[in-house]
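Okay, so here's the structure we're looking at.
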Amino acid sequence: MNSPQGSMRENGSWTPASWRLREAQQQPCYDDRAQLENVARRIGKLPPLVTSGEIQELKRALADAQEGRRFLLHGGDCAESFGDCDADTIVNRLKVLFQMSLILGHGLKQPVIRVGRFAGQYAKPRSSDRETVGGETLPSFRGDIVNAAAFDAAARRPDPERMFQAYAFSALTLNFTRALFEGGFGDLRHPEYWQLDWIDQSPRAIEYRREVEEIANSWRFLHTLGGQVGTERVSAGFYTSHEALLLPFEEAVTRRVPHRRGWFNLSTHLPWIGMRTSDIDGAHIEYFRGLQNPVAMKVGPSTRPADLLRLIEVLNPHEEPGRMTLITRMGCKHIAEALPPLLAAVRRAGRHVLWVVDPMHGNTETTPTGIKTRHFDNIRSELEAAFQIHGAEGTRLGGVHLEMTGEDVTECLGGARSLQEQDLSRAYKTTVDPRLNYEQAMELAMLITKVARAAPKVTGRAAAGPRPVAVI
Ligand code: PEP
Ligand code: CO
C-alpha cells in the first residue's frame, strides 16, 4: 500500500508509513482499501489542527513537570462521539477540567498543565474483534472514527469516510475551544465562567463554592499587585490529546513543517499509546518513535521492567526532556506489587520520564446486571497508593490521567453522593468506559491535593521557576 506521505523504505529508517511493515493490533478490517487510501489522501491535504510551536511548548512544560515544577492534569471522555459535538458538552468539559486544575494548582502550589482527552479521542481498542448479541455476531464498536455504536450490521461496518468526519469534528471542537479562550474563558480571575449548573444540588456545594471563591480571590489579589502571576499567564493554557490508535488516520495527519526538523502529528499535541498496542515490535511503537510530539504510553500490571526499559530506549533514545510520559494503570489490587519494580528499574537505568497515574482503567468492573462501572473507593485507593509508592521509591508522581465529564452522569459508583448500583441506569451515557461525573471529579481533585501534600517529599533535581505556558 502506498503512503500519501511518501514511499516506505525497506532499510529500517523511519517514515510516517514505516509502521505498515509491522503487525498492527486493534485495526478495523476495511472492505474497501481504495476508499481508505482515498480518504487518507484527502485528510493529508487539509490544514493541520495544531501547530508544531504549540507541540514544542507542551514538551517544554512536560519537561518541567518531570523536574517537579508542574503537575499534569490529563482528562476527558473515554470516547468522544460525533453526536456530542455541541456547544454545551464542549463548554462543560472545559469547565470541569479548569475547575479541577484550579483546585490542583492552588493545593499543590504549582502550575497545572491542562491536557484534554478531546478534539480527536474517537478511536477505541476493544478486547474482542466481534460482539455477539442474541445469537447475532457483528464487528465490535471501535469508536466513532471507525463505525457506529448501534448494534446492526450497517452501523458496525467500518467506514473509512468516518476518518474524514472525525477530523472535521475535531476541528469544530478545537475551533470553538480556541474561540472560548480568545473570549476570556480561561481567565483565572473569573472562575465563575466555569461554574456548572448542578453544583447547587451537590451535597458538597458549599465546600466547592467556598474553595473556588477563595482561590479566585487570591488570583485577583495577586493580579492587582503584579499584573501577572509569576511567569504564568493569567489566561490558562490548554492542550489536546488522543490515543493514536487508528494508524492510517495518524499517518495522514503526520507532516513536516518549515523551519523545524522531523515529523509532527499535527492533529493533536499529545498522542498516547494504549496498553494493548505497546508491543515493542508492533506497528504503533514504530509509528510513534519517529514523531517530534511528546509521547505518552500506558503501562499495565503485566509490563516487565526490562521491556519497559527497551520501550523507553526506542521511544526516547536521546533522553529528550519532556518526550516520555508513562501513565500507569495497575488497578488498586495490583499496584503495590506491580509499580515498585518499574519505578526502581527506570530510576536505576537513569531514565527521565514523567510518571502519571491513571486510577481508572485498572479498576473497571461489571455489575451482576452487566453494567460496566468503577468504584470511587477503588479509584481513590489506587491514587493514594501511587503517591505513597512514588514517595517510597524516591520518584515523583507528576500527574493524573482521568476519565471524567462535565455532565451529571451516573456511571461510576460511590463518591460524595454515594451512588449505588441501582442509580447507574439513571444517567448512564458513555459508549465505552464509565466516567467520573462532575461532582466525583471535583472530589477527586480535592483528594489529590490532600494525598500529594501528605506523600513523602521527593526533592527535584532543579528548582528553577516555571516557564510560561501560552494559551493555544
Ligand atoms: C483508555 O484510556 O480509554 C484506554 C483504553 O486505556 P488503556 O489502554 O490503559 O486500557
Ligand atoms: Co477508557
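Here the Cβ of each residue, glycine as well, is placed from N, Cα and C on the backbone.
Note that the structure is predicted; figures quoted are calculated from it, not measured.
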Site-mate of Cys78, Glu403, Asp433 for Mn(2+) in TrEMBL, selected among His106, His361, His375: His361
Cβ-based neighbourhood (8 Å from the centroid) of the Mn(2+) site, residues Cys78, His361, Glu403, Asp433 excluded: Met360, Thr364, Thr430, Val432, Pro434, Arg435
Residues among the binding-site residues Cys78, Arg117, Lys298, Arg329, Asp433 that border ligand 2 - Cβ under 6 angstroms, in sequence order: Cys78, Asp433
Spatial separation of Arg117 (phosphoenolpyruvate binding site) from Cys78 (Mn(2+) binding site) - C-alpha basis, Å: 8
Residues among the binding-site residues Cys78, Arg117, Lys298, Arg329 that border ligand 1 - Cβ under 6 angstroms, in sequence order: Cys78, Lys298, Arg329
Listed binding-site residues among His361, Glu403, Asp433 whose Cα sits within 10 Å of Arg329 (phosphoenolpyruvate binding site): His361
Phosphoenolpyruvate site, defined by Arg117, Lys298, Arg329: further same-chain residues with Cβ within 8 Å of the Cβ centre: Glu243, Trp272, Gly274, Met275, Ala296, Ile327, Asp358, Met360, His361, His401
His361 (Mn(2+) binding site) and Lys298 (phosphoenolpyruvate binding site), Cα-Cα, nearest whole angstrom: 10
Packing count at Arg329 (phosphoenolpyruvate binding site) (other Cβ atoms within 10 Å of its Cβ): 23
